[in-house]
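The structure appears right after this line, and notes come after that.
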């Protein structure tokens with residue numbers, strides 16, 4: 001049988017004649033042995049410096065390196081040099097827009113953390129300024145966010161009751177913020193940023209959705225004007241609390257105000273969604289609601305009818321809180337624990353936002369550098385009466401749509417918050433709590449991502465379980481339980497991946513020399529007397545035993561079938577090693593045992609295409625000799641062609 | 001350019017003409033979509049029933065199924081039917097040999113666990129009987145072992161001081177044994193046996209070596225006749241303790257006895273090693289030493305010269321200990337914790353032994369069934385005054401060499417231990433402790449596996465770090481710390497594997513259509529205008545971001561080089577997906593982002609050979625449409641041939 005090929009290019013048409021073995025067989029390459037030290041530094045580099053952060057420092061004079069170093073720590077030095085008026089116009093508009101959005105949100109979010117309203121505003125003043133100097137995202141809007149506020153509030157409340165001991169509660173909040181910053185900065189400096197990747201996308205979607213619903217449910221207190229409200233956050237406790245107070249505890253004036261403005265906010269949101277040109281409508285709607293409702297309550301004195309109002313916001317900018325942080329005593333460990341959790345979640349949110357917008361505008365974002373910036377900003381925040389700040393989903397989106405160019409929009413927002421704190425806070429006295437509830441509800445609705453959940457269901461059922469686990473965990477138990485479920489399921493998936501890798505039987509695709517999974521290509525044919533198995537993972541201690549036994553099971557199944565059909569027995573077992581990127585001592589032992597098992601059944605083990613690391617280790621362990629150097633081939637096709645002539649002779 | 005192939009078989013010579021695209025391009029197979037339920041059951045089956053334990057039950061009548069079921073739980077019903085006299089002869093000799101070895105060892109090991117000597121003998125009486133009925137290994141020898149005894153002793157001592165409160169100490173020991181059994185049986189029943197695979201081979205080698213040295217050091221107390229000895233196990237405390245007592249605390253008579261018999265034991269070991277025929281020499285040497293030394297001490301009354309002797313071993317078989325187990329109170333949780341750790345380590349040792357000998361005699365061993373047997377045996381053990389028993393490395397090897405055929409050798413051993421307990425224990429009164437120390441030292445020396453450590457160093461440097469970490473952790477800190485280090489390093493390796501998978505640039509091997517890693521095959525040539533990257537792992541949330549950024553970095557490096565050499569720019573990026581066995585939602589998003597990033601740089605993303613799971617998910621998520629169905633190829637060669645004609649036109 002012969003086939004003739006013709007082509008005008010040399011690139012891709014020459015093919016090997018692999019039908020006979022002999023001179024045409026290609027040897028499996030053994031890469032030049034690396035020095036131990038070089039191997040080690042390469043591994044370290046790939047693990048911790050995979051983004052090659054020192055790339056731009058190469059071949060530069062010392063003074064230039066200093067400048068680049070400063071620019072790396074303070075990116076503002078880099079982009080600030082090209083800053084101009086047209087960019088400032090974009091940043092000014094974006095900054096004013098997110099400021100109008102953040103002021104009412106901040107006041108509401110502070111409540112989620114069980115803190116007085118001014119702490120929300122404080123956290124929108126100092127952290128954005130520091131981020132603007134150190135951060136490298138151009139679109140992120142910094143400040144308190146709903147989920148982290150809720151999480152922080154829940155964790156803090158578990159330790160201290162804020163009604164009986166508000167002072168220690170506040171001190172613990174600053175302590176947690178301090179340690180959140182330390183955690184974030186440390187992760188960045190040690191280049192351990194990849195640790196946040198262990199919370200899978202699916203788990204985050206579920207966690208966020210659950211947190212959004214929990215937060216919305218919490219708002220029923222302010223929205224319905226209920227005075228006695230449960231302190232638990234699970235849906236059953238909250239709904240019981242709501243319906244128990246239905247007859248006497250609801251305040252109809254509050255409900256009217258809340259409902260009408262919630263309708264207004266949702267309509268504004270809808271308009272903004274329908275026409276991207278009107279993005280500013282939902283962005284300023286909250287501030288308009290606050291102004292209108294405050295004015296309305298002031299005129300009608302509805303607060304005398306039982307409509308709860310804000311009452312008091314401390315005037316003036318952030319006081320120092322350095323002395324309030326616990327550096328000794330029992331609360332240090334508690335603050336540390338809370339800080340680590342809150343800091344990690346805050347990071348996860350911020351990095352996800354940063355990456356999303358960086359991808360949209362196509363610029364690179366150094367995750368580890370971002371973490372250092374976030375950490376520094378929270379450490380300084382904890383010194384200036386702020387609680388954990390991070391990037392906000394909703395405000396970052398508005399920032400982006402309003403045409404922000406650089407982190408200057410954060411500075412603008414910060415200035416507006418500064419002016420608010422200095423001059424306007426007394427005017428918030430008559431703002432009804434129902435409005436804040438409505439604003440928070442309309443803000444967190446966005447966190448429920450149905451589309452993403454549907455897509456997850458379509459793509460990966462296991463991911464969907466993780467997503468739903470986190471979702472229901474948050475709703476029916478608490479944010480911590482939900483988080484724990486999310487992390488556990490994510491880890492379970494990783495463990496499953498490393499303990500139960502896939503293996504596949506290969507067959508030859510007709511009229512090619514290509515061997516592929518016979519499940520995917522039903523037309524692929526098996527080679528008589530030869531079984532070809534592909535192992536789809538590095539062979540490590542966690543799976544070496546499984547892989548060995550799985551291959552032997554493929555063999556047993558196959559032999560059973562062949563026996564039933566009176567076909568010739570298997571004489572060669574070819575293991576396609578292309579996907580086996582690495583093998584460790586346990587893996588080597590498994591191969592050895594496989595070889596011995598097969599020998600007892602008169603089956604020859606043949607390896608195809610071991611990678612550079614694997615072939616080195618096969619040689620180092622003398623397993624290559626055991627199996628036979630001439631039993632290791634470049635491709636499955638070559639391996640098959642070396643096996644089948646014999647079969648033909650013997651037949 | 002044309003090449004002509006000829007062959008007499010159809011199998012492997014037809015090759016595809018992939019130079020021109022069009023009719024010869026093979027489509028990527030989309031496997032038939034599985035029903036959700038079937039997909040789910042398949043995953044469950046592969047995870048928990050990967051060994052297909054119900055295989056033999058298929059197509060059998062009900063009564064036969066019952067018999068098979070009973071045989072599965074009690075393998076003795078299966079192998080007992082073919083039992084015969086010639087097998088019994090082998091088992092008898094092997095049983096007597098391991099009995100002679102186990103009696104002195106048991107007495108010594110009980111001391112490691114800070115228990116009276118009879119408890120070691122008890123644990124060699126009941127557990128082997130139960131194992132013989134339920135276990136499926138033919139070669140394992142059951143009883144107390146050195147490492148588990150030391151571990152149990154250390155963990156128990158952390159909770160209760162055995163000198164001041166020996167009663168509660170003993171009760172906690174039984175409680176821990178009970179929970180060790182529960183843990184083992186539960187793992188087996190829930191088919192979670194794979195969990196013990198998370199302790200890597202390298203970590204075990206290091207841990208065992210360290211434990212052996214620690215145990216040997218502990219024996220210096222008995223060996224040198226020291227009265228005041230530290231209770232810590234780290235090498236520094238022990239050696240300080242030894243040298244501090246050098247001037248007045250050593251007993252020369254003890255040293256003479258100990259040293260001469262240790263020499264005898266080591267010579268016996270050497271003889272056994274040199275000539276496999278004399279395997280029985282080291283096997284009975286310990287018993288001979290005990291008999292000789294006991295007789296010698298009895299004659300000379302050396303115990304009056306300060307030679308410490310055993311003094312008293314309780315006569316009679318195991319009393320019941322059901323009522324001594326803590327089922328309520330504080331100690332339940334402590335016993336549970338200790339039991340889980342000791343049970344897991346005991347399992348790890350037993351399964352490793354079982355697998356080794358099963359591989360040597362080529363029979364299958366069901367890990368989960370073994371765990372149920374081990375668990376049952378320890379639960380019953382805890383009711384009958386035994387502490388944690390498991391498979392012993394040294395005695396199993398002797399068992400194997402003595403020609404054991406079935407678990408009957410364990411029954412023989414058990415009977416000998418029974419007779420010893422009933423009649424001979426009083427004779428051990430004058431046995432010097434130094435002899436027991438010498439026996440333990442000569443037994444644990446075998447656990448130090450230099451060869452394995454050297455092989456690990458050669459094969460995998462990271463494994464070597466794990467090995468040394470566990471080794472030094474045990475020696476310089478304690479067994480628990482060593483174990484913790486071993487587990488942590490094993491996990492770190494898994495995390496590294498899933499977060500930092502390898503990627504490789506591919507080139508074409510001259511005169512083939514095979515594309516391989518250019519680092520391994522320096523002769524492979526790059527295709528102008530095309531970059532080919534292979535991703536060597538499933539793309540999951542833990543690595544999706546890294547993979548995306550790593551590919552973009554390959555691209556940046558490549559473009560820099562091309563620019564410097566004035567070569568044409570990259571126009572196609574081919575991602576070879578063969579090793580990508582799975583992709584989750586995060587991975588799909590990463591691909592989408594990669595596609596978008598490339599689009600902005602006018603580079604076309606092309607995929608080669610996505611597997612069955614991946615292609616399904618690409619379709620489910622519409623990423624296949626985004627990239628373009630015609631941009632997904634069966635092989636790299638086809639992908640290249642579809643890219644390069646264009647390049648030629650454009651050039």
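Glycine is treated like the rest: Cβ placed from N, Cα and C.
Curation does not apply to TrEMBL; its annotations are automatic.
Per TrEMBL, the feature region 'Disordered' maps to B:1-24.
Among the features that TrEMBL reports, compositional bias 'Basic and acidic residues' is placed at B:7-17.
What TrEMBL lists as transmembrane segment is B:140-157 (among others). The list of residues near the transmembrane segment (B:140-157) in space but at least 6 beyond its ends in sequence, with Cβ under 8 angstroms from a Cβ of it, reads 98, 102, 105-106, 109-110, 112-115, 120, 123-124, 127-128, 131, 169, 172-173, 176, 207-208, 211-212, 214-215, 218, 231, 233, 338, 341-342, 345-346, 349-350, 353-354, 357, 377, 387-393, 395-396, 398-399, 407, 409-410, 413, 440, 443-444, 447, 478-480, 483.
The transmembrane segment annotation in TrEMBL covers B:169-190 (among others). Distant neighbours of the transmembrane segment (B:169-190): 48, 113-115, 119, 152, 155-156, 159-162, 196, 321, 324-326, 331-332, 334-336, 338-340, 342-344, 346-347, 367-383, 385-388; these residues of the same chain sit at least 6 beyond its ends, with a Cβ under 8 Å from one of its Cβ atoms.
Residues or ranges marked as transmembrane segment by TrEMBL: B:202-220 (among others). Sequence-distant contacts of the transmembrane segment (B:202-220), counting only residues of its own chain at least 6 positions beyond either end whose CB sits under 8 Å from a CB of the stretch, comprise 112, 146-147, 150-151, 226, 233-235, 238-239, 242, 348, 352, 437-438, 440-441, 444-449, 452-453, 456, 460, 463-464, 466-475, 479, 482-483, 486-487, 489-490.
Residues or ranges marked as transmembrane segment by TrEMBL: B:250-271 (among others).
TrEMBL lists B:278-299 (among others) with the feature transmembrane segment.
Here the transmembrane segment (B:371-390) has long-range neighbours at 73, 110, 113, 115, 119, 122-128, 130-131, 134-136, 142-145, 148-149, 152, 173-178, 180-189, 193, 318-322, 325, 342-343, 346-347, 349-351, meaning same-chain residues at least 6 beyond its ends whose C-beta is under 8 angstroms from one of its own. Feature annotation from TrEMBL assigns transmembrane segment to B:371-390 (among others).
The transmembrane segment feature in TrEMBL is assigned to B:410-428 (among others). Remote same-chain partners of the transmembrane segment (B:410-428), defined as residues 6 or more beyond its termini with a Cβ less than 8 Å from a stretch Cβ, comprise 91-92, 94-96, 98-100, 102-103, 106-107, 117-118, 121-122, 124-126, 128-129, 131-132, 140-143, 290, 294, 310, 313-318.
Using a Cβ-Cβ cut-off under 8 Å and counting only residues 6 or more beyond its ends in the same chain, the transmembrane segment (B:435-457) has close neighbours at 104-105, 107-109, 111-112, 146-147, 201-202, 205-206, 208-209, 211-213, 215-216, 219-223, 257-259, 261-262, 265-266, 269, 286, 289-290, 293-294, 310, 393-394, 463-464, 467. The transmembrane segment annotation in TrEMBL covers B:435-457 (among others).
As annotated by TrEMBL, transmembrane segment applies to B:469-492 (among others).
Here the domain 'STAS' (B:520-643) returns a mean pLDDT of 89 for the predicted model. Positions annotated as domain 'STAS' by TrEMBL: B:520-643.
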Secondary structure tally of the domain 'STAS' (B:520-643) (DSSP, helix then strand then coil): 62 helix, 21 strand, 41 coil
